[in-house]
Amino acid sequence: MLTDEYVKRVYAQVEKRDGDQPEFLQAVQEVFESLQPVVEKHPEYEKAGVLERLVEPERVIKFRVAWTDDEGKVQVNRGYRIQFNSAIGPYKGGLRFHPTVTESVIKFLGFEQILKNSLTTLPMGGAKGGSDFNPKGKSDAEVMRFCQAFMTELSRHIGQFTDVPAGDINVGGREIGYLFGQYKRIRDEYSGVLTGKGLEFGGSLARTEATGYGLCYYTAEALRVLRNDSFEGKTVIISGSGNVATYAAQKAEQLGAKVVTVSDSNGYIYDPNGINVDVVKQIKEVERGRIKEYAERVPGSEYHEGSKGVWSVKGDIALPCATQNEIDGESAQQLVDNGVTVVCEGANMPSTPEAIAVYQKNGVLYGPAKAANAGGVAVSGLEMSQNSYRLSWTFEETDAKLKSIMETIVANSLAAAKEYGHEGDLMLGANAAGFVKVANAMVAQGVL
Ligand code: NDP
């Protein structure tokens, strides 16, 4: 509930201006609830109009992406790059290619990215971009032509010192390669303008694994500090079967847990013997197939239609790793009724406000996305450092830095939660810790 007068006033303004952007409003409301004790303690933020400026992107870029499909037919998609906040570093955030992409979705992601990037302790501002392009069923050549058309426009707005995009849903190694190639061709410049690059052309070891591994390092640290517990012997429910889900499953297993589910937008797999990550990778990454095929290849596993059913499976820890609002109040209640006591978010905003209320009411250890999934952008930040140095670190070195960053995020979140009178609240702590650094930089740099 919003009670602080300043916060209420700014939120009302956002509702008035952006009332047609439901995902963005949802993200702002969640963050604003947490920030009330912070702005009450720091009147200088109101004086400097920090919240009013924070919710207004510095720049919204929206463009036509025209390309030709394999039949020679012209296709037109819509492209976005929303450069939200550059107070603490160059804009940084992923690109998403999915038919559900709208300005509201990119804005919520960009807004979350500001605080997430701040939490990593690295110097990165917040941005997000993408397109309503649907790569499902498209040939390699079509994906390449789309990426080239997309970058032709985007290249005017990005650069290694201004804005450094990365991947997100449906933007993985293949797409980043095509995007990087086109940027290089247009600008005649070899720079670290994108992260998530191939290892042969400036990519960082451990970037592919970073979000999923980071999610497990975060969860393990929160479990250790708050419950004196670990992954050992736990049953884990994971949704999604893409980049984040796959490497979260791999790390959870390495840490002694058994992962029994993965899913895609059609349905989910239940494997009581523990998900075989190599099979998931072969189906989704190599063959670009459907998760249904897992049950045809792994004896003892079952496929169920309907992705939401994954939340009815019994377990101890849930790691949602697919998409926004995938857990509603009802699914959250199902999780709690089935014994889940830990929910840490790999996807961005996977829990609705009703779901979060269920976690809070039932004492669930809740790790919010902007903290729990910050490992991806953290290693992207490390990729930028390596590009600047013109050298590459080993997998072990980068992975150790990632682990240390995730542990610091837990510590900083808990310290902020305590400072603002909500001890143990990882959500409030993440929002407060991420915000204070950005707010102080905004105050120091004057009214921009
Ligand atoms: P991928 O494209 O690799 O995988 C996405 C997965 O989610 C697929 O299994 C996909 O299934 C499923 N999915 C997508 N949309 C829906 C939907 N509407 N309902 C059910 N399932 C769906 O993406 P990532 O793994 O990179 O991203 C997953 C989440 O993690 C996103 O929320 C993203 O923003 C977040 N994230 C990603 C980071 C990264 O480094 N990649 C960093 C931080 C957060 P299908 O094959 O059917 O489409």
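Backbone N, Cα and C atoms are what each Cβ position is placed from, and that goes for glycine too.
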Notebook entry, point to check: To which of Lys92, Lys136, Lys401 does TrEMBL also attribute binding of substrate at the site defined by Gln113, Lys116, Gly167, Ser380?
Noted result: Lys92
Next item on the list: Measure from the CA atom of Thr211 (NAD(+) binding site) to the CA atom of Gly167 (substrate binding site) and give the result in Å, rounded to a whole number.
Entry: 11
Item checked: Neighbourhood of Ser380 (substrate binding site) by C-beta distance under 8 A, where only residues 6 or more apart in the same chain count -> Lys92, Met124, Val164, Ala166, Thr195, Gly196, Ser204, Arg207, Ala210
Check: When you tally the Cβ atoms that lie within 10 Å of each candidate's Cβ, which of the recorded positions (Lys92, Lys116, Lys128) has the highest tally?
Finding: Lys128
Next item on the list: Please work out which residue of Gln113, Thr211, Asn243 has the most C-beta neighbours within 10 angstroms of its C-beta, and give that one of the binding-site residues.
Entry: Thr211
Notebook entry, point to check: Can you list which of these recorded positions (Lys92, Gln113, Asp168, Ser380) have a Cβ closer than 6 Å to ligand 1?
Noted result: Asp168
Item checked: Intrachain C-beta neighbours of Asp168 (site 'Important for catalysis'), sequence separation six or more, cut-off 8 angstroms -> Gly94, Leu95, Arg96, Leu109, Lys128, Gly130
